[in-house]
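Inspection log for the structure reproduced underneath, given as C-alpha cells.
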Ligand SMILES: *Cc1c(COP(=O)(O)O)cnc(C)c1O
C-alpha cells in the first residue's frame, strides 16, 4: 500500500479554499487582470503532471519518461501558434514577469538601455521598475501619456527613442485602455536599431480574436500571461511570428549564427528557470484549445462590448475615465472629481469601501498622480471576469449604479451593507462552479 493512503486530509487548507471559492462566487469581480478558468483547466493544473521533471523541450529533455509530457507540451505549443498565427512559441515561463525576464536575458547585456511604458502611467513593473530585475540590471527609460489626452503621443515616443537609442523598445501595459500602433513602433525601433517587444498580457484574448491591432507582423517578440483575458492557468508564454538570426552575432559551437528562437528558449531554460510546470502547461493547452473555439470568440467580443457599456455608464454619471474611454477590456477612472466636484475619494478609500459590498477592484495610480502608490487617485476596472460569468451590457449599468452608490455613501455602513446583500443575491443568477 502506498504511503499516500495514510495521509490525512488537510482540512485547514481545504476549508480556506472553499472559503475563497465562496468569495469568488458571491461578489462582483472587476480586477482587470483576473478571470475564472474552466473546471478542466483547473483539473489539469491539479493533475499528476505536477510529479514530472522535464527540463528541456519536447524531444530534447534532460530526464527520462518524458514521452507523454512531450506530447502535451507540443500540443500546447501548436495550439498557441495557431491561436495567434505565430511560427514559434515557448510555453514554459512560469508567469508573465518570467517570460519578460527570459526575453531580456536573450536580447540584452547587463546595463543595456531599455525603453518601456511609464509605470506611473499604467506600465508593468517588469518593464524597467527600479525594484524589479528589469530596472536593476538594465538601464530603463520610460515614455508615457499626455496629461491633456491620456493618450500616447507617438511623435514624442519617436523623438525620445532617437535620443535615448534603447536596445529594446517595449510596448504593452497593465492599465492603458487604448490600442497600440505597432507599425509605428516598429518604424521607431528600426530607426534606432532596437528590438521591439510587445507584452500583450492584458488584451491577449482580444488580440487573438482580431478585436484589436495585431502586434505579430511588427513586433520581433511577443510575450503574454495566460491567465488574464486569455482565461487560462496562471502563467506566461513567449511567441514570434517570424523567427530570425539573432542580431548580436551569437554563434553555435559549429559557428552558425543562432536563431532568435534558440536564444529565447535558452533564456527560459536554463537562463531563468529550471524544470517546467507540465501540469500548468497541460492547463495552458486546454485553455488555448478553448480559446480557439467560436464560444471563446463570442466571449471576447462580449468582454469588449461590456467594457464599452461600462465606460459609457461611468461617463454618464460624471466620472472621468483616463483617455475618455476604452478600446479593450479595462479602464482607469480618476476619482479626484465627479462632474467636476471633489468628493474626497482616493483609490485606497474606493478599494476599501467597495470590498465591503463584495465589489473587488484595485486602486491604481492615474497618470500624473499627486498621491502615493499606496493611496492613489484612481481605480482600474475590467470586464474579463464578469463576462465569463455571463453578464452582458445591461448588467454594466447596474454595476456602475452600485459602485456609485457605495462610493457616494462611503461612510454609511447600512447603505453599504444593503448593497452587499443585493450583490450577493444578484450573483446567484450567475453561477460559476456550483
Ligand atoms: C500582468 C502583467 C505581467 C506579469 O504577469 P505575472 O504573471 O503576474 O508575472 C507582465 N506584463 C504585463 C503588461 C502585465 O499586465
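Keep in mind that glycine also has a Cβ here, set from the backbone N, Cα and C atoms.
The model shown is predicted, which means the values in this text are computed figures rather than measured ones.
Straight from TrEMBL, the features:
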DOMAIN    8-403  domain 'Serine hydroxymethyltransferase-like'
BINDING   119, 123, 124, 125  (6S)-5,6,7,8-tetrahydrofolate binding site
SITE      227  site 'Plays an important role in substrate specificity'
MOD_RES   228  N6-(pyridoxal phosphate)lysine
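Looking at 119, 125, the binding-site residues in this record, the fewest other C-beta atoms within 10 angstroms of the C-beta turn up around 125. Each residue contributes its Cα atom, and for residue 124 ((6S)-5,6,7,8-tetrahydrofolate binding site) and residue 228 (N6-(pyridoxal phosphate)lysine) these two points are 14 Å apart. Secondary structure at residue 124 ((6S)-5,6,7,8-tetrahydrofolate binding site), as computed by DSSP, is coil.
Less than 6 Å separates the Cβ from ligand 1 in the case of 124, drawn from the binding-site residues 123, 124, 125 in sequence order.
Taking the C-alpha positions, the distance from residue 123 ((6S)-5,6,7,8-tetrahydrofolate binding site) to the residue listed as 'N6-(pyridoxal phosphate)lysine' comes to 16 Å. If you take the C-beta of residue 228 (N6-(pyridoxal phosphate)lysine) and look for same-chain residues 6 or more apart in sequence within under 8 angstroms, you find 32, 33, 34, 35, 201, 202, 204, 205, 384.
For the (6S)-5,6,7,8-tetrahydrofolate site, the Cβ centre of 119, 123, 124, 125 serves as reference, and the other residues of the chain with Cβ at most 8 Å from it are 116, 117, 118, 122, 126, 127, 128, 129, 132, 173, 174. Between residue 227 (site 'Plays an important role in substrate specificity') and residue 119 ((6S)-5,6,7,8-tetrahydrofolate binding site), the C-alpha separation comes to 21 Å. Cβ neighbour count for residue 227 (site 'Plays an important role in substrate specificity') (all protein chains, 10 Å cutoff from its Cβ): 26. In this structure, residue 119 ((6S)-5,6,7,8-tetrahydrofolate binding site) is part of a helix by DSSP. For the domain 'Serine hydroxymethyltransferase-like' (8-403), the model's pLDDT averages out at 98.
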